[in-house]
Amino acid sequence: MTQRDIGKPLFNVVLIIVSASVFVAASAFPDVNIPGDLSAAFFPKFLSGLIFILAIPCLIKDFQEWRKGGQAVSSSSISLVRGASQWLFVILLLIAYVYAFERLGYMISTALFTFSCVVGLTVLSGTWGTLSTAVKSKALAGALVFSVVLAVTIFYVFTDLFKIPLPT
Amino acid sequence: MISGYLDGLGMVLQLSTLLAIAGGTLLGIVMGALPGLTSAMAIALLLPVTFGMPPVAGIGMLLGALCGAGASGSIPAILLNIPGTPSSVATTFDGFPMAQKGEAGRALGLAIVASFFGGVASMVILSLLAPPIAEFALRFGPAEYFSLSIFGLVIIASVAGKSLLKGLIAGMIGFLVSTIGTDPITGVGRFTFNELSLLTGVNLLPALIGLFAVSQVLKDTFEYDPNERLKESGHRIDIARPRFIETLKHWKAVMMGVISGSIVGPIPGAGGSIASLVAYDQTRRFSKTPEKFGTGHAPGIVSVESANNALLGGALIPTLALGIPGEAATAVLLGGLMIQGITPGPLLFADQSGTVYGIFLAYLLANVFMLLIMCLGIKLFIRVLMVPRKQLLAAILVFCFIGVYGVDGDVFNLYLMLGFGVLGYFLNRYNFGTAPVILGLILGPIAESNLRRGLQSFEGDWTPFFTRPISVAFLIVAIGLLALTLWQNYRSNQQSTPAGDDSV
């Protein structure tokens with residue numbers, strides 16, 4: 001799987017681009033002259049420069065490895081697609097959760113997030129279609145109960161036990 | 001020292017502190033028993049809960065989690081032949097065969113007591129070695145602190161990941177992120193993008209939770225397969241009775257575990273799997289019946305489990321005395337100490353000795369709680385293994401969110417946590433590792449401020465950094481270890497270059 005993972009060299013490309021951008025941005029910092037002191041831009045420029053330099057050999061090595069992987073398609077390509085869709089789904093759900101957190105309040109947004117996460121993973125993992133209607137209803141009811149119980153339990157643990165206020 | 005212990009005892013012997021340590025231990029046991037969830041993740045999840053607590057209670061809770069997770073990795077290792085943590089790999093060698101013989105309760109009883117002995121012995125070693133090291137470090141000035149920070153960064157970067165270059169890059173990413181915010185000397189804003197939350201720099205809590213908890217959940221989400229459910233153990237366990245006498249009969253194995261763990265523990269990045277494998281190997285080597293190892297032999301379990309918990313005390317020595325953690329879990333613990341307002345290092349021992357000895361005693365109590373909770377709740381923890389993965393992942397994510405939001409009610413920190421989670425996922429996936437990032441975040445500001453303070457006091461002269469004996473010693477050792485790692489990687493590459501090998 002790792003042999004054909006184009007993400008490995010691509011990640012190095014991202015590092016190179018970001019480090020170059022950081023170097024340019026740091027070069028624009030105002031220069032405040034204090035005797036004996038390095039400028040505020042010294043470390044950002046030094047570190048981004050080093051990351052840039054070190055990422056190049058990593059890119060070359062990872063790209064060569066990727067090319068050596070040949071045209072063979074991994075036997076687990078179906079699970080790769082499934083894994084990627086599950087991963088992306090959870091990321092999008094998390095962004096939606098942050099957005100909804102202060103707007104809908106803790107209780108509703110948390111219950112919705114948990115329910116969507118559990119049901120969504122069941123659907124995306126491919127098991128949903130194999131279930132009978134009765135089992136599907138049971139699974140939905142179970143996810144609903146779990147979501148509400150989790151949201152209520154955490155709310156009381158944080159607000160009553162640890163005295164940490166949450167938006168309602 | 002005695003007055004320090006008395007002060008510490010006063011801090012520890014309070015109901016709230018005892019409950020905090022017990023609670024942390026319980027969570028650590030649950031997390032350690034679940035394959036794939038790490039002790040670093042347990043500590044990261046507990047960090048927000050410790051905010052309102054007194055330092056000894058908060059740190060005691062985190063130490064309890066560390067101690068519990070270190071011991072409970074043996075549960076799936078013995079019952080299912082699946083190590084709960086990397087350090088429990090060697091427990092499967094004799095633990096699972098013993099369980100297959102119908103003696104799962106005996107194997108767990110031995111593992112629990114051996115973990116307890118290992119933990120207590122390492123606490124004694126910690127309390128004896130950490131104070132003199134911290135006292136020596138009182139001689140450090142800006143030049144020495146700068147070199148020490150560079151030493152810590154280089155060492156963890158070279159041993160934490162699979163690749164030296166990638167480990168160094170990860171450390172520098174953390175260092176670079178630590179420069180975000182207002183420059184403390186010139187007042188210049190660095191990469192703040194007019195965001196108020198970034199003016200004081202990147203908050204450590206969302207970074208820790210993102211890198212160690214969210215990234216792990218994202219990895220589990222990617223790998224989530226409903227068909228790969230753990231099969232329930234067929235071994236019957238009524239109660240895992242602690243086997244004190246039988247464990248003590250194998251005192252040589254306990255000693256081997258304690259020695260291995262205490263020596264390997266302070267070495268940055270060496271980790272529990274090395275300590276336990278060394279302990280297992282040495283115990284077998286010196287045994288009169290080496291052929292019995294691997295067949296369910298008690299000394300095999302005892303040496304490995306005592307090494308696992310002895311390792312923690314060893315790893316705490318550089319963490320507390322110098323502020324240089326040994327691996328991921330102690331790096332997160334270091335973050336926890338700093339969030340609690342405790343700056344690890346020599347001044348901690350000089351200024352807050354009561355707190356330090358309180359932490360030692362809290363670690364001792366965490367071992368006692370681990371013993372009690374593991375013995376009483378063993379049947380419950382076996383059931384934890386069967387918790388459906390998707391429900392668990394959703395619950396952990398909610399806990400991460402509430403933890404980060406609850407501290408200061410800043411939604412920006414939630415986005416920051418998500419960003420660190422995604423970054424951590426890719427760093428782990430492509431063998432950069434996340435522990436060096438945290439080290440960079442923690443040690444970066446120490447390195448920068450001490451270099452700049454030093455340069456100001458030396459009137460711009462760099463030579464004291466390379467002429468003061470302690471400073472130059474740290475730099476030479478760091479460069480030497482870097483060169484050694486490069487040479488070892490070059491040698492292993494020459495011998496075999498399999499595709500996907502990242503050892504450069």
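Indices start at 1 and increase along the chain as displayed.
Every residue, even glycine, has its Cβ placed from backbone N, Cα and C.
Taken from TrEMBL, the feature domain 'DUF112' applies to B:18-439. Mean model confidence of the domain 'DUF112' (B:18-439) amounts to 85 (pLDDT, 0 to 100 scale).
Per TrEMBL, transmembrane segment is recorded for B:20-47 (among others). Only residues 6 or more beyond the boundaries of the transmembrane segment (B:20-47), in the same chain, are considered here, and those with a CB under 8 A from a CB of the stretch are 12, 53, 57-58, 60-73, 75-76, 82-85, 205, 208-209, 211-213, 216, 220, 230, 328-329, 331-333, 335-336, 339, 362, 365-366, 369-370, 373-374, 377, 381, 384-385, 387, 392, 396, 399-400, 403, 435.
Marked as transmembrane segment by TrEMBL: B:107-130 (among others). Nonlocal intrachain contacts for the transmembrane segment (B:107-130), taken as residues 6+ away from its ends with a CB within less than 8 angstroms of a stretch CB, comprise 67, 70-71, 74-75, 78-79, 91, 94-95, 98-99, 237, 240-244, 246-247, 253-254, 257-258, 261-262, 265, 296, 298, 301-314, 316-317, 320-321, 349, 356-357, 360, 363-364, 366-368, 370-371, 374-375, 378.
As annotated by TrEMBL, transmembrane segment applies to B:142-161 (among others).
Long-range neighbours of the transmembrane segment (B:167-186) within the same chain, counting only residues 6 or more positions beyond its ends whose Cβ lies under 8 Å from a Cβ of the stretch, are 153-154, 156-161, 192, 198-202, 207, 423, 427, 432-445, 447-449, 452. Per TrEMBL, the feature transmembrane segment maps to B:167-186 (among others).
TrEMBL lists B:198-218 (among others) with the feature transmembrane segment.
Among the features that TrEMBL reports, transmembrane segment is placed at B:253-280 (among others).
TrEMBL lists B:315-339 (among others) with the feature transmembrane segment.
Positions annotated as transmembrane segment by TrEMBL: B:359-382 (among others).
Note on the transmembrane segment (B:394-418): residues 45, 47-49, 51, 195, 197-198, 202-203, 205-207, 209-210, 213-214, 217 of its chain, located 6 or more positions outside it, place their CB under 8 angstroms from a CB of the stretch. What TrEMBL lists as transmembrane segment is B:394-418 (among others).
Residues 139-140, 143-144, 146-148, 150-151, 154-155, 158-159, 164 of the same chain sit 6 or more residues outside the transmembrane segment (B:469-487) yet have a Cβ under 8 Å from a Cβ within it. Here TrEMBL flags B:469-487 (among others) as transmembrane segment.
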Distant-in-sequence neighbours of the transmembrane segment (B:315-339), which means Cβ under 8 A and at least six residues beyond its ends:
38-40, 43-44, 46-47, 50-51, 58-59, 62-63, 66, 69, 125-126, 129-131, 133-134, 137, 148, 151-152, 155-156, 160, 204-205, 207-208, 212, 265-271, 345-346, 348-349, 356, 359, 363, 434-435, 438-439, 441-443, 446
